[in-house]
Structures are given as C-alpha cells and as structure tokens.
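Worksheet for the structure shown next.
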C-alpha cells in the first residue's frame, strides 16, 4: 500500500517496495533491516502491506534497460536487490577530518576578503582624487554674483557645464563598453527634456550643483559601490522618475546590474529629498507679492499660497488594514495622497508628506504646520474640500474658498462672481499638479518598495518643477 510506513527502524518515509515473494530473498531483506535479531514471543514476519522505502537502495539496485534493451522511464527494482543504505551503516567522518576541512575553508575565505580589501582601497584612492576635482569644479560653479542685486530680485547661480566625467567611471569600464551617459546629451536639449523633463544640459548641471558636494560622498544602500559616475547616477534616478523605466531596462541602458540600479535609485531618492528639504522654499510675503501676476494683485493681494490635494496610485497592499487606509473612494482604488502649495507666481512652496488615500484634505492640513508659517493678515486659496476656516482663524489668516449652499437653493450674483474669480485663479495649482504628473512615476501604481519612498518621490518630482520655466504668465 502506498500509504504504509517503511519497515526499517527509525525511518518514517511512506511508500516504497514490498517484500519479495522469494523466501530466500525475503529473509535477506529481514536480516538487512535487522528484523530477525529480535526474538520476542512472536517473531516478526513481513505482511502483504510491509514496505521498504527507496531511500535504502542504491542506484545500481534498479534496472536501467528493459528486456528489449531500451531505456526504462520508470525505475524497476532488480529481483536480487537487497536494501543496504541505513542510518547505522553510514560512516561518519572523523572529527579530525572535519576540523581540517573547516580550517581550510576559513583560510580560503580570509584570503578572499584580504584581496577584496586591497582592491577596494585602490579604487577608493583613485575615486577620491577624481571626486575632489569634481567638487572643486562644482564649488566654483556655485559662486553667486551679489554686487548689483536690487532689493527684490532672483538669485542667479552661475553654473558652468559639467566637466568630462568619463574619467570618473570605474577602471574596468572602457570606452567601448560604456553605457548610457549624460555626456552624450550635451548638445541634445530635446533628449534631455525627454528623459529628465528639464530644459537642457545646462539646467541639468544646475540641478546637480544645487545638491552640493555631498552628492559625491554618499553611503549607498547595502554598502554598494556603483560602477557609474555621480552625474550618471543622478541621470538614472531622474529617468526613473520621468519615464518610470523598469530596473531591467535601466540596467541594460547603463550596463550595470538590476540590484545596482535599485540601490542607486533608493539612495539618491532619499538623498535628494533630505537635501532639498533643508532649503526653505516658503517665500516671504514681499517676495510672493513681487512675483504675483498683475490680476492676482488686484483681486487677491494678500494670497500667500494656493493649496490643493493630489493622489497617485499604489499597488493594492496585502494587509487588510493597509488596504483600508490606502483606498480612495474618490478614485475608487488604492492611492497615496499629498497636499501641494503653490504661490500665485507658480512656485511650489509647500509639499506635505504622503498619506493613505482615505485621508481627508482637512486631516492633512491639520498636520501641515502652515499655521506657524503664515503671518497675520495672509490669505490661503483652497477648494471646497478644505473646510479649514476654524483652523486658521486663531492666527488671523483668511481662507478664500468657494461658497457653500448651506441648505439654500440658489446663490446671489455677488457670490457667483466671487466664486468665478476664485476658480479662475485656483486653476493655476491644477496646472502645476498636471505638470508634476509628467513624471510618470506618479501616474503608475507604486510597488511595495516605492510605497515606502512615496513622500520622497512626490517631493522630488515637484521640486524639479521649480527648475523649469514658469508656466503662469505675469498677466494671469
């Protein structure tokens, strides 16, 4: 029977070969499995269902060819085969032999680690000299001319194009097997805009320079040392955001492994978010008023920022609680949600952390800390979802929000005209959000790893918009 246990002592396997009908061979099986050494009141004899599993036979105990000479598909036990493989018959290696083998493995492992350390030290010395030279170039590029700046004026950063970074790649990367690199796009502005969303190569250099020299001294995820230079690492990260290119395709483009692509993306996304969050992007009231469009100054002169929420999709989590938190009834799918603040002139001045799609706009506004950033007499323009007048009333901040019906069947002409003015100005934040979603990583469902970086991804994508030409005209 296939379900019977093996008759050998200490073996718990099921199924196998039944005892042979030949009495002589059957007694040999009994002696082999040591069933004849016990002499109780009633000696043991194999029953019709008694089995010996296949683990106790050698490969030579099976017939390899049939009677006609063909190779058999199913193994068949030879008539003269006797079980011979048992726990008590296996010869364990002696302890001196085990200790010698262990010492040999330890010596080989120690030699391998010593060779790797020597190789890493050599690479580190070469890269440190090259990175120092690059840092000096960036420090020179970030000098600001402030001799003749008016009272309110944009700060212009004089940044030269990045030098030739082909020498900062690893020694093993030759010119013949070089992969995708930003050096190939120095004169290709259309290519730079397609892959990064930035205007040209000079703008790309400005964005990289804004991250400072810390970009050349990063500690990467899992201790990985990338084989491509720093500008190409930044280029890879922005391509991932802009095109949402899979890691497999990026590994073939840059000729590196998929794991290296993953480590570079995660490290740079965290670094850019932390580095840019140290910059105070909340402008003063005078600066907002100076760059505000002319019609904004006439109708809403005290407006400090325009708030609106946006959602981006995520893959459905496995945990039921996470599914409930991220499910958005508005989008009817699992999403993450953030609130964006834009000045009347089109600058992204505020970006909240990412929350689950079930979070309301009011809940995010309560945690935003905007009550500490605004000044008395300021105004904030919002949509009807932001019913937050009671939150900002104690700090003397006005909320410009469309009128609610409140059990009325019609609105006055004055309210209609006011709501039209608010809607015509609030549409600018919708345009900025639409521009932010040109980074396709915000339009495709984020996987489990990317969900942990949702706040960083959203913040970096909208910060990159501040390096673009403003889309709001001065007469809006």
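Counting starts with 1 at the first residue shown.
Backbone N, Cα and C atoms are what each Cβ position is placed from, and that goes for glycine too.
Per TrEMBL, the stretch carrying the note region 'Disordered' among 97-125, 126-154, 155-183 is 97-125. In terms of DSSP secondary structure, the domain 'THAP-type' (1-86) contains 16 helix, 18 strand, 52 coil. DSSP assignment over the compositional bias 'Basic and acidic residues' (99-125) gives 27 helix, 0 strand, 0 coil.
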